[in-house]
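Contents: one structure, followed by commentary.
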């Protein structure tokens, strides 16, 4: 069938002229460009109607997970994440690009090594995953500046508006990044099928024009001019209808919105607030964008967590498997055709890339943990939903109806939303009317079916909806030509294996279920017990009823085998596509879905392919695991698991069975406390002999920052001088007149920041930080000063990233870092002359491999001593567990070897002992990558996962710590250790380490 392409905005900016016309196809409206030549460009790739996207002419539900490649700086691990998302039944990944990491200096775009996008596209294609590209320029994303580079603080214009200075500042970045994305589009054989200009462009204040069609059109034109031809989609922060098709200038092709309905209160993970379940999304969609598929571009899959928060384990408990059952099935009840879950894999805010509202971990409570584990129950639950949608193409043809408490269920305690098919199958989404309910509610259903309206169960008993659960009951569900008249048990998947069909159904504990199949054959139980089971033949319909049990039953009706499972059992089932070879996995399509097999195998099944007479599975195991293959192709005779030929048995139902033995290797990790630690004082700036003549002078009379006027004689805003990340150090020189007794200083570093102040070598005090304080005014008493003598104030500030810029017009990202104001008693402010430093070179940053944000302004960082093989041979031997006896900062470095056996995925963590003693701050560097900021008095993070590829699992590693003692009695680490969690026997390919350039003497380092 020929499908013609659509462009609400022309395929290229030069093609903007030309009206749209409408066609009808199978009763659905398609939009297409009026110029046939322009239609041809996309006709066989990506089109859409009001029901769904079409990719290569095939209607497809986009089930997507959010992944940020910049939060996992090991490109050879990206395939692992993609395969784990593919195994969920998903077919797409959405990704942000962080501008701040690619254009650290205005006009110099660098997207190489860990920051290159092409390898990300390559492994997406290898895994058979489509991509939704979201390069901003603004991304939010809990990233420093919301993805804006720090030098935008100097732009004389309002951010995210039509202000010419801002637009010009974005041109270089978008021209480059969009051109790279364009090369990865499906039109060029790549995986990119959608492109999102801007991000959550949904609200403004402060007299900013909003919505500004000229601005959005500019961002759109930037993309089109760079070669973007796939459809453009947006993510309104709520159902506001902003920039939807038909709104005029700046409209996108497909309207989408975001939703985080449960909020972010991880401190109360069991609390579901009243009224937070969306109920109007369908009617909102019909008002705002009825000609496009209903699209949820960010739907909640976890939560951020602030400094001092309860931790991401609590966030995973808040947005858990029960949340998924209730909220994601609710999304499906609205007819969601593009559903992207934020985040599906969170990763790490390594190298200072996060904003002040979060700490190093960006685990997010996601289905995949920060260390890429799939052990959370929410991953398994999501796999049930994802594979159901993948196996149910008629879902996209069903029309969502209005939710109701009558007409379907026999109790008003339950709400049912119908999705009615026109001879193509119907779906009934059942939930508690009070969605927060934890009650178990019995019910019966009245269902309209091809056999008439039926009251279910027909064979007696009642159905049960347990608390915080939801069901999708199918009606007239097509299983390869066999009509399932209804099933109250939920569908995991089904397959047609030629000589037989398989349907897998499941239910929760304590539930009773029933299904009816349009088939003349008798019902046979071919595996499992007949107890708590009954069946009845009614004409040409077989009705089966059973109580859910942990023991598997297989029922055969004609050529259909129906597996009756409990939910915990089906968690162990996987549906890998059957590929032609081991080089790549095909994109999800009718063909690849039909060719899939079913494998029961525990922890993870990655891929399946045939070669000659062999069936090859790649899978991971974390325990001795029984393995079953259901639907092995008739032309294969041998089974290979992770390349090893494996003996198996075949039972009477044609199921292959074997067992994979698991014997964890002994992982011997070095004791961190026993390493040969070398120590260097890295706050040499407070020594009386220190010379700061090479430092940049803070001598600007004015600031280009348009947000906050100066309240100091010279600008002390760090970004005015090109310093946007990590620790800042200021040195203020003055000649005393003897009247100076106190020093007031207001510093700003973002939430949970800290600062310390010295006068010459005398420690004055510290602000140890609170999450609630982005800035703080401190007053310090000075020791007696001598008239006519030179003094130096040294101020150390830990910056926590730049603010995001979510509300247009606030220019919140321009909130400066550094010193906002100060007062030296008895003196004019101009009596002090200032110098400052951050990372060496500022925007001319030294380490092009690890990027512009990785290192800050400490002496050891400026010298590059945090990198492997520093010149530490003559340094003092001292351990961070002995620590410092007075305020200051110590730098510690050591090397160690690892010998982790290949073939095992072994997550490693650096753990700090949690102290209630004096406040201190630690930066953790691993092979030159900053992989942790530990704040002892705020927390919550004490455990820092570091992936293979940053750590060398077979070879030498360097670890470095900066220990900042903020109080007068100094500080030491209570404990510091390297630990592992359960080794996973893995089919992962060999992990190539990210580049780890060693220390080299830096020209001009001070």
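Placement of Cβ uses the backbone N, Cα and C atoms for every residue, glycine included.
Per Swiss-Prot, signal peptide is recorded for 1-18. Look at Swiss-Prot and you will find 96, 140, 141, 142, 199, 260, 364 tagged as substrate binding site, backed by similarity to another entry. What Swiss-Prot lists as N-linked glycosylation site is 156, 373, 402, 422, 622, 760, 777, 914, and the listing cites sequence analysis. Per Swiss-Prot, active site, proton donor is recorded for 200. If you look up Swiss-Prot, you'll see 205-206, 266-315 marked as disulfide bond. Annotation comment: Swiss-Prot describes 298 as active site, nucleophile.
Structural mapping of features recorded in Swiss-Prot.
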residue: 140; record: substrate binding site; DSSP class: coil
residue: 199; record: substrate binding site; DSSP class: coil
residue: 205; record: disulfide bond; DSSP class: coil
residue: 260; record: substrate binding site; DSSP class: coil
residue: 266; record: disulfide bond; DSSP class: coil
residue: 315; record: disulfide bond; DSSP class: helix
residue: 364; record: substrate binding site; DSSP class: coil
residue: 373; record: N-linked glycosylation site; DSSP class: coil
residue: 622; record: N-linked glycosylation site; DSSP class: coil
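Scoring each of the binding-site residues (96, 260, 364) by how many neighbouring Cβ atoms lie within 10 Å, the top position goes to 364.
Across the residues annotated as binding substrate (96, 140, 141, 142, 199, 260, 364), the two Cα atoms farthest apart lie 19 Å from each other. Here residue 622 (N-linked glycosylation site) comes close to 375, 602, 603, 662, 982, 983, 984, 985: these same-chain residues lie at least six apart in sequence, with C-beta atoms under 8 angstroms from its C-beta. For the recorded positions 199, 402, 760, 777, the greatest number of Cβ atoms within 10 Å around a candidate Cβ is found at 199.
Closest to residue 315 (disulfide bond) by Cα-Cα distance, out of the recorded positions 96, 141, 142, 298, 364, is 364.
Counting in whole angstrom, residue 200 (active site, proton donor) lies 13 from residue 96 (substrate binding site) by their C-alpha atoms.
The secondary structure of residue 402 (N-linked glycosylation site), as reduced to three states from DSSP, is coil rather than helix or strand. Here the Cβ of residue 422 (N-linked glycosylation site) has 11 other Cβ atoms within 10 Å, regardless of which shown protein chain they belong to. Sequence-distant contacts (6 or more apart, same chain, Cβ under 8 Å) of residue 298 (active site, nucleophile) comprise 66, 235, 258, 259, 260, 340, 342.
Residues within less than 8 Å, Cβ to Cβ, of residue 373 (N-linked glycosylation site) and separated from it by at least 6 positions along the same chain comprise 907, 981, 984. Spatially close to residue 914 (N-linked glycosylation site) yet at least six residues away along the chain are 936, 939, 942, 974, judged by Cβ distances under 8 angstroms. Put simply, residue 156 (N-linked glycosylation site) is 21 Å from residue 140 (substrate binding site) when counted between their Cα atoms. Put simply, 96 is the one of the recorded positions 96, 205, 760 whose Cα lies nearest to the Cα of residue 422 (N-linked glycosylation site).
Secondary structure at residue 96 (substrate binding site), taken from DSSP and collapsed to helix, strand or coil, is strand. Comparing CA positions across the recorded positions 156, 205, 206, 266, 760, the one lying closest to residue 142 (substrate binding site) turns out to be 266. Nearest to residue 206 (disulfide bond) in space, judged by Cα atoms and limited to the recorded positions 96, 156, 402, 760, 777, is 156.
Cα-Cα distance from residue 266 (disulfide bond) to residue 141 (substrate binding site): 18 Å (rounded to the nearest whole number).
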